[in-house]
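Trainee: Sharing a structure below in structure tokens format, with a few things to ask.
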């Protein structure tokens, strides 16, 4: 299981216990105060300690892919179909079908994904945990998951909650007459809440915009506790024009263009209804996280009427978009475009819209003798008044088959966006077609190089005249573009030679171009006129070059080590690389290369931890990599900051030895912002310069404890071997083929 972690520092919640029957309260006395309570500005390393294997009850040797592949997926689908139309008295199905309810569950599970940092999404099934299980926009989805518990219980380890929720959404669509695009399994479950920055607000429904009125990065939802946008309009203001702007911003940050956005909303609102039988403020109790232990994880208890069925309260909006909410039809677009809509209010007092010539034509969800008018949200009307959305809606309305395909593909993208490349997909229902957002790779049509070839290629690379530091920087830049949050980036594909990566400032484009040109020459020379069918990709050669340089640096330190290398990477084409999609992977800070853009709002050290979490690193791995890369002179821009050694290019522990040397006194530079000077305590002579990232390994008590290990006299070999191990891990982060072989 890979880690999908944070943003900003997270203060641990106070422990809670049952104080008496039916009550849950925080300890008034005896609860431990976290260090963040006393020193909120301390560097938080918890992102690097989340989702460790000890929290997984299946154990470290559990192979989810293997378990999933034993699953009879058709049997699971059959059980889901039976559940859809088996209404339960404790939570009756609208129109006798839970399909729309399960679509909302799957949508909201996947819809937290955001492109800027790759966090959120269906993977991990985080909808089960706080805060998502108690977000206002997820009201009553606790019941949807409980309805699925008998199926999860039946199949156990063979299907994760993440896969089951998405699969259920698919089956629900199919059971109501819609043809989905496919399904890929592979979402391993998490066992604790992700540490994710969801916004600065301290109250639900607070605005997620910055002081300039722009939606804060990396967020996608416009208000705290929402998946996308406020259905009543921005901050509850029923302005369709403003709502269209919010929709475009929010869905765009979730990787959807205008056509995909329109297709998703129109397709999703074809089904089901909204629930606002009465005022939530007067009727609805605490969310699951705030409910008593006797509620057993359920929340939003409704004391009005029966509290369920016709009396259900979820969003406060009330009604359906069509007269047949449990079948796929074109009625949503028919109704949106053909009616004139006027503003009204739901029984709960929420802003919504009804036809100007409203008639009671919609069947009641529970009483066949009743009928109701159609309704639309402000965000639905936005699709009619916005020129771009309106044009797409009219085109889809005129061409139903085009709409069906667009919705099918958009739904597939929504529910699979955070699963990563197609190589991670499991099951027989995976579509054969490659989609550009999956970051496709070509299939190698040649034999892989062997040990003798690898040795010869390393010899040629080291003899090429390319500086060893540049080989290391290039390999690191290529591999460290990976992020474990959505499994994008990495060395496979050699996209560092393509736009936009080849022009990223952190990659030193001018130097990078020279290295790539040299490696391409070696590649061409090796591949030319081969008769044994073997070829080497540039992607493999980039990693091999860095590894050869690391081995050379280790030899200079007196250690003969072999950096593990597994060929098999391929070279993507520019046509397989969506420039706009890859642009969000560009780092504005990389502590491993001492790179930091001053436009960042968070500190260099915080962003280093965030970067390390995206590389799935532990605290010791992050520490040894920073120290090693400094010794190898691998900073961006050829910066000398943190190169605390008189023998750069030697894989030594000098960074830690010199950082912890008490003969050096550190002060802020008076001439260079963000720079610190290390001077001899006695003479005042300048010895070193460093960044805040460098110094935090001496100032943070937890990082210093690890740094002391690597600075010790007996740690020279340990440092080298730990660095090689961590380096290899980063080089192989996107080698999903190795992890399943």
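Glycine residues also receive a Cβ, built from the backbone N, Cα and C atoms like all the rest.
Per Swiss-Prot, the features are:
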{"type": "ACT_SITE", "residues": "108", "note": "active site, proton acceptor"}
{"type": "BINDING", "residues": "269", "note": "heme b binding site"}
{"type": "SIGNAL", "residues": "1-28", "note": "signal peptide"}
{"type": "SITE", "residues": "104", "note": "site 'Transition state stabilizer'"}
Trainee: According to DSSP, does the residue listed as 'active site, proton acceptor' fall in a helix, a strand, or coil?
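Mentor: The residue listed as 'active site, proton acceptor' sits in a helix per DSSP.
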Trainee: Using a Cβ-Cβ cut-off under 8 angstroms and a sequence gap of six or more, which residues of the chain neighbour residue 108 (active site, proton acceptor)?
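Mentor: Within the chain, residue 108 (active site, proton acceptor) has Cβ neighbours under 8 Å at 127, 137, 138, 141, 227.
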Trainee: Cβ-Cβ under 8 Å from residue 104 (site 'Transition state stabilizer'), same chain, 6 or more residues apart: which ones?
Mentor: 141, 144, 268, 272
Trainee: Who sits close to residue 269 (heme b binding site): which same-chain residues at least 6 apart have their Cβ under 8 Å from its Cβ?
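Mentor: For residue 269 (heme b binding site), the qualifying residues are 321, 332, 380.
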